[in-house]
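Structure record follows, encoded as structure tokens.
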């Protein structure tokens, strides 16, 4: 949805067109006199629609949402994901498209707290694979949208082609993923345990063996305070990188290239996700204890690109490509190392709650960045 943000805001389908051959979207007038080639609305609007429902879900998680059974949560997540693709694909207006983005946000937020909580019942190494999977999902989403639209497929047909992904998620959870069984969730070994059955025929995750999820409010608050050392740097990292992604990407417009403005935006998103995927998959070879350093480096990235937006001193889009790849590397490293450090430092009885509570870090940072990116977009576009 974030890769499609520029298309969602700069185009809307003509409502009278019901032909089998989609002639493509009808463009909304741009501010062609602006050096930024601004959309009437910042792509941060899509970001907010994509993140605020997730923020609400994650705020509810520490209050008891994480105690609900896993299987219904996964099912709702899959249905919302499919609904988001369909709603945006057949939308005739930006408002309806944003409602579809909200469905995607519900799917993402509910899915993230569900699966991160579930990692508490598996060997600790599962966190590295989960993080790699989320990085791969971002790269697959951005790369598939870029590739299919570059190949000539309309945004509508590109979105509809993604409907197999929610089905694959549901199938992999109910038929492929195995029950955690009696193993020690804190162990590093990934040896297979005997008689592990698919989740569809096992209630082990719902029973939560050897765990005491009924923590008092005082215990939850104590655990949450202990997580702040990990949460705050991740909030800062995600604030800086999504301020860049949804506040500055569309303003980093180069006219001296063969790529259109929409294509430039898609390339930015794809390269960012490539960096995220690489670093989220790096835990086995590179572990970072002090994630504050990553927060500082990401803030320097933001400051540098903000100055470039104002003064336009970078001569080539390829330099921006490298910076964005580096930005993704920092963001992915912060994510995977934060959750790995939390898994190492929390006790068995607190780990499930801690993983669900820490989920709010990236979402809070992204929400704050979206709120600030909207007025920045309006200011710069009217100024230019």
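Backbone N, Cα and C define each Cβ position, glycine as well.
Under the heading region 'Disordered', TrEMBL lists 11-35.
What TrEMBL lists as transmembrane segment is 44-68 (among others).
Feature annotation from TrEMBL assigns transmembrane segment to 74-91 (among others).
Feature annotation from TrEMBL assigns transmembrane segment to 127-146 (among others).
Residues or ranges marked as transmembrane segment by TrEMBL: 158-176 (among others).
If you look up TrEMBL, you'll see 227-244 (among others) marked as transmembrane segment.
Taken from TrEMBL, the feature transmembrane segment applies to 290-311 (among others).
Annotation comment: TrEMBL describes 317-336 (among others) as transmembrane segment. Beyond the ends of the transmembrane segment (317-336), by six or more residues, the same chain brings 127-128, 131-132, 134-135, 233-234, 237-238, 241, 244, 252, 254, 257, 259, 264, 267-268, 271-280, 282-283, 286, 288, 291, 294-295, 297-298, 301, 304-305, 308, 362 to within a C-beta distance below 8 angstroms of the stretch.
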Query raised in the report: Thinking of Cβ pairs under 8 Å, which stretch from 127-146, 158-176, 227-244 has the most of them with the transmembrane segment (74-91)?
Result: 158-176
Query raised in the report: Where among 44-68, 158-176, 227-244, 290-311 do we find the most Cβ pairs under 8 Å to the transmembrane segment (127-146)?
Result: 158-176
Query - Same-chain residues at least 6 beyond the ends of the transmembrane segment (44-68) whose Cβ lies under 8 Å from its Cβ atoms - result: 1-2, 4-5, 8-9, 98-99, 101-102, 104-106, 108-110, 112-113, 117, 213, 220, 224, 242, 245-247, 352-353, 356-357, 359-360, 363-364, 366-367, 369-371, 373-374, 377
